[in-house]
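Peer 1: Shown below is the structure under consideration.
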Amino acid sequence: MKRKENITPIKETLFACKIMFKYALLFGCIINLLMLSTPIYSMQVLDRVISSGNVDTLVMLTLVIMLALLLLAMLQAGRSFAMTQMGNWIERQLSEKVFTGSVKMSLESKVNIGSQQLTDLQTIKNFLTSPGLLTVLDTPWAIIFIIVLFIIHPWMGFLSVIGGALLVGFAILSDKLTKPLLDSMNDENIKSRRQVDQATRNAEVIEVMGLLPNIIQSWQKLNGKIQTTHSLFTKRYSVLTEMTKFIRLVIQILVTGFGAYLVIKHEMSSGAIIASSSLVGRALAPFEGAINSWKGFVNCRKAYDRLNAAYELVEKHEEKMSLPEPEGRIDVENLFYNPPNVQRHIVKGITFSLKAGETLAIIGPSASGKTTLAKLLAGALNPSIGTVRVDDASLKDWKREELGKYIGYLPQDVELFAGTIKENIARMDPNADPEEVVMAAQITGVHEMILRLPKGYDTEIGFDGSMLSGGQRQRIALARAFYGNPKILLLDEPNSNLDSVGEAALATAIDVAKDRNITCIIISHRTSILNVADKIMILKDGVIATFGSKKEVMDQMNQASQMNQLKNVPGHGNA
């Protein structure tokens with residue numbers, strides 16, 4: 001018995017559609033029974049009506065067959081509509097979860113997944129609503145048609161069995177010859193799209209540094225592999241598809257020709273020839289349809305596997321109890337972190353505590369682990385070992401949507417969302433209070449700057465905030481961190497793009513945070529930020545080199561500076 005933890009949302013949703021597949025099979029049963037009406041009509045007209053010359057029987061049979069065909073058309077349309085509705089329902093059920101999974105997968109794997117998972121969901125939906133799936137669902141009825149052909153004449157049944165066996169053989173051959181190529185092509189297409197996405201995100205660097213020819217050359221090399229694989233796949237797939245058509249047509253011709261021979265030998269009626277030709281076409285159609293829709297099936301299966309793999313990698317988020325509003329105390333216990341597939345720890349044995357309302361400045365040389373520590377404290381990364389606690393509760397014990405309201409986070413690489421300045425400061429909350437938006441902007445000293453923009457707070461900032469300068473983006477992101485009622489502020493290089501006016505506004509904002517008893521953690525390579533700190537941490541090679549009150553650490557730094565100066569005095573220490 002499989003554990004419940006292995007039931008991913010995609011599996012659960014498809015399992016919920018089980019009843020729809022049962023109805024599709026039931027509809028298929030009626031539809032395929034009605035398919036028999038055409039060959040039966042042909043046999044009755046040719047074998048009985050013409051020989052008897054009874055016009056009334058002809059009219060009655062024609063009316064009955066027309067009603068049967070009308071019902072057939074209605075059932076086929078209804079089944080197709082039902083499958084389309086099922087596909088839409090699956091998309092509605094999964095789109096939010098897939099979107100969430102894309103974000104969390106990007107966070108866990110450190111790879112920008114982009115919209116690939118939403119594309120995979122669309123691939124699954126398209127296959128489930130395609131005629132190819134309905135053809136596959138009708139495959140069991142091929143046996144019924146073959147049995148009817150045996151009833152008409154054993155040789156008709158044998159010919160249909162031979163045709164079916166050949167088509168099954170070609171289906172197996174198609175899988176062996178095309179599936180590896182299709183898998184490779186799909187993987188390379190994903191890499192190609194990611195490479196294009198990466199290039200468009202870095203368009204400015206590419207243009208300024210003249211990298212476009214090199215980027216294009218790299219992309220064309222990958223695209224050339226895709227074209228080569230696609231050409232080989234198309235060649236094999238086309239040959240196999242045309243061969244299946246050839247086999248089906250040959251079998252139908254043999255049925256007609258052999259049927260004529262049997263009529264000459266008085267072993268079968270002339271009406272049975274038409275019926276047999278029609279029935280053998282119906283019997284072989286599912287096999288041919290399966291081969292024709294094989295590409296769609298493989299793409300669907302690949303998309304399904306990718307979605308399931310993504311959900312298995314993303315941490316299972318069980319329902320958690322709501323916790324009281326935090327005060328802002330932070331306790332870090334023996335924190336270690338190494339990225340996926342990397343053995344070396346970037347952060348090693350970090351342990352410290354902050355009371356609510358304290359301000360900690362973290363400084364250190366480049367690549368000392370400052371930004372990684374900030375992400376661990378924010379919950380953007382999960383520690384390899386150790387725990388980060390807010391008010392004694394581990395970050396894993398908090399509901400992220402609840403704790404997130406009390407955390408203001410400014411990452412080193414500022415990212416804004418397409419929308420207005422108001423929406424970005426309000427954290428994309430559609431029910432945001434305008435007064436709180438303005439208050440956050442005023443605290444961070446960005447209110448006047450916003451008012452000078454063409455539409456003020458309603459100014460559209462473009463994709464990734466492209467309409468704003470680096471300093472403007474950083475200040476608006478800082479206002480976003482202060483929006484609402486934050487109890488903890490995590491600011492990673494908040495002054496990296498700021499001028500003197502922006503730095504003064506940042507210092508004022510931190511003073512306001514202190515007055516409001518907000519716990520602040522500020523990471524910077526500029527020592528000017530130390531003036532606003534209560535405590536200072538110096539990080540070197542992922543380890544705490546120094547940690548203590550501002551006075552203690554500043555005294556140590558001054559002593560170290562004096563010692564260095566003494567060492568540089570000529571003749572000192574040689575006595």
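Start at 1 and count along the chain as shown; that gives each residue its number.
Heads up, the Cβ atoms here are built off N, Cα and C, so glycines get one too.
Heads up, TrEMBL stuff is auto-annotated, nobody curated it.
Dumping what TrEMBL says about this protein:
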type	residues	note
DOMAIN	24-299	domain 'ABC transmembrane type-1'
DOMAIN	330-566	domain 'ABC transporter'
TRANSMEM	20-38	transmembrane segment
TRANSMEM	58-77	transmembrane segment
TRANSMEM	132-152	transmembrane segment
TRANSMEM	158-175	transmembrane segment
TRANSMEM	246-264	transmembrane segment
Peer 1: By Cβ distance under 8 Å, which residues at least 6 away from the ends of the transmembrane segment (58-77) in the same chain are close to it?
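Peer 2: For the transmembrane segment (58-77), the list is 27, 30-31, 34-35, 37-38, 41, 44-45, 49.
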Peer 1: Take a look at 20-38, 158-175, 246-264 and tell me which one has the most Cβ pairs under 8 Å to the transmembrane segment (132-152).
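Peer 2: It is 20-38, which has the most Cβ pairs under 8 Å.
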Peer 1: Averaged across the domain 'ABC transporter' (330-566), what pLDDT does the model get? Just tell me the whole number, please.
Peer 2: 86
Peer 1: What else in the chain is close to the transmembrane segment (246-264), if you only count residues 6 or more beyond its ends and a Cβ gap under 8 Å?
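Peer 2: Same-chain residues near the transmembrane segment (246-264) but 6 or more away: 153, 155-156, 159-160, 162-163, 166-167, 170, 270, 272-273, 276-277, 280-281, 284-285, 288.
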